[in-house]
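Heads up: the structure comes next, in structure tokens.
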Amino acid sequence: MGKNVVVLGTQWGDEGKGKIVDLLTDQAAAVVRYQGGHNAGHTLVIDGEKTVLHLIPSGILRDNVECLIGNGVVVAPDALLREIAKLEEKGVPVRERLRISPSCTLILPYHVALDQAREAVRSEGKIGTTGRGIGPAYEDKVARRGLRIGDLFNPERFAKKLHELLEYHNFVLQNFYKVEPVDFQKTLDEALGYAESLKPMIADVAARLHELRKQGARIMFEGAQGSLLDIDHGTYPYVTSSSTTAGGTATGSGFGPLYLDYILGITKAYTTRVGSGPFPTELFDDIGAHLASKGHEFGSTTGRARRCGWFDAVILRRAIEINSISGLCLTKLDVLDGLKTVKLCVAYRNAEGVVIEAPTDADSYVGLEPVYEEMPGWSESTVGIKSLAELPANALAYIKRIEALVGAPIDIISTGPDRNETIVLRHPFA
């Protein structure tokens, strides 16, 4: 029987999941997105050519790999079709290999308007949303009033539901946020205009996954964002609106947890975060600026600069627990090349003493200071190294210390952005 693997982020997103999914799909029959929307930004570098994907699974650049968008994803049809067009310009036959669940909730213009209006009026406590309508679309889904992709193929029903929704949302936009309403007819015409382009790609994704399972095919599930942004387990309220942990795989695809064989957690060799929210190891000095510059820490979706800090074993231990991580992939090790010393956060400290467990909400991080272990750095370059034996001794010691601190094996080490710049110690599909 085939093996089924989940790849997800263990920090606050931007860990390098796209590259690893692309690398591992040489042995997969299908890749599935199961949560999030086009707020994700997965960067792939293949033979020096960079591709950024937002909605389409990262397996799309591998010939003959099926790419599936599960019911847990919220879809902006205009953004999806633009992404398809860009890939087709590069000669990628997207429409032949992409299948989308009709149960995906749609992101429509009023979701974007609400998202941006809310963030604009927050005087403090800004969430740091991408402003792309993700949160409001999930709100409609949970409130059981969301429009789904399948609704596009029944124009009369779609128009009726849209009219009711716009009455509600426009009232909020005009009376609470004091902004212009969203036009019904324009929204209706645009949405129904997408139906013809999307229809050939619509399929029962859950049924297809179980077909593949029965055939013994290998399936990969590609997470977006990171575990500490999970709506339930993240640094609430500075989180995304979907289930970014391994549990979201089942609910967002219709593929039960019993069939998942290996969960790969992606973690940077340091820590980053975009937008607001707690970040105990954040650096405001030259080292932080160095990590941001050398690591090219700018969001692939928003272009926003990422906050940078030392590696945090406390949050990684929590991510390992809530995801049942089988093994880790350590990315961007090369960014630490040249530093005289490197630090790892092993615990936090507050007025009451030492804290070894990650808090369960943002407010509980207030007053926490990191407790660091310091290790010697390495002057040698790790860029492009493909075997453990070639690593500098101090870099290897750093890796081994992370394994000891978090209690999980590091099975893959990324030493550069290209898919070939990788050390694979244990293949998830093996």
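Backbone N, Cα and C atoms are what each Cβ position is placed from, and that goes for glycine too.
These features come from Swiss-Prot:
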type: ACT_SITE; residues: ASP14; note: active site, proton acceptor
type: ACT_SITE; residues: HIS42; note: active site, proton donor
type: BINDING; residues: 13-19, 41-43, ARG306, 332-334, 414-416; note: GTP binding site
type: BINDING; residues: ASP14, GLU15, GLY16, LYS17, ASN39, ALA40, GLY41, HIS42, THR130, ARG144, GLN225, THR240, ARG304; note: IMP binding site
type: BINDING; residues: ASP14, GLY41; note: Mg(2+) binding site
type: BINDING; residues: SER300, THR301, THR302, GLY303, ARG304, ALA305, ARG306; note: substrate binding site
Query raised in the report: Any idea which of the binding-site residues ASN39, THR43, GLN225, THR415 has the thinnest Cβ neighbourhood at 10 Å?
Result: THR43
Report task. If we count other C-beta atoms within 10 Å, could you say which of the binding-site residues ALA305, LEU333 has the fewest? Result -> ALA305
Query raised in the report: Near the Cβ of THR130 (IMP binding site), how many other Cβ atoms are there if near means within 10 Å?
Result: 23
Report task. Would you count the other C-beta atoms found within 10 angstroms of the C-beta of the residue listed as 'active site, proton acceptor' for me? Result -> 28
Report summary line: One residue among the binding-site residues GLY13, GLY16, GLY41, GLY303 has the fewest other C-beta atoms within 10 A of its C-beta, namely GLY303
Report task. Please report how many Å separate the Cα atom of HIS42 (active site, proton donor) from that of ALA305 (substrate binding site), as a whole number. Result -> 16
Query raised in the report: So for HIS42 (active site, proton donor), how many other CB atoms are inside 10 Å of its CB?
Result: 25
Requested in this report: Among all chains shown, work out which of the binding-site residues LYS19, ARG304, ARG306 has the most CB atoms within 10 A of its CB.
Outcome: LYS19
Requested in this report: Using C-alpha atoms only, work out the spacing between GLY303 (substrate binding site) and GLY41 (IMP binding site) and round it to an integer in Å.
Outcome: 10
**Report entry** LEU333 (GTP binding site) versus recorded positions ASP14, ASN39, GLN225, ARG304, ARG306 - nearest by Cα
**Finding:** ASP14
Requested in this report: For GLY41 (IMP binding site), name the DSSP secondary structure in the helix/strand/coil scheme.
Outcome: coil
Requested in this report: Measure from the CA atom of THR130 (IMP binding site) to the CA atom of ALA305 (substrate binding site) and give the result in Å, rounded to a whole number.
Outcome: 13
Query raised in the report: Should any of the recorded positions GLY13, ASP14, LYS19, ARG306, THR415 have a Cα within 10 Å of the Cα of GLN225 (IMP binding site), which are they?
Result: GLY13, ASP14
Report task. Looking at IMP and its recorded binding residues ASP14, GLU15, GLY16, LYS17, ASN39, ALA40, GLY41, HIS42, THR130, ARG144, GLN225, THR240, ARG304, figure out the farthest C-alpha pair and report it in angstrom, whole number. Result -> 34
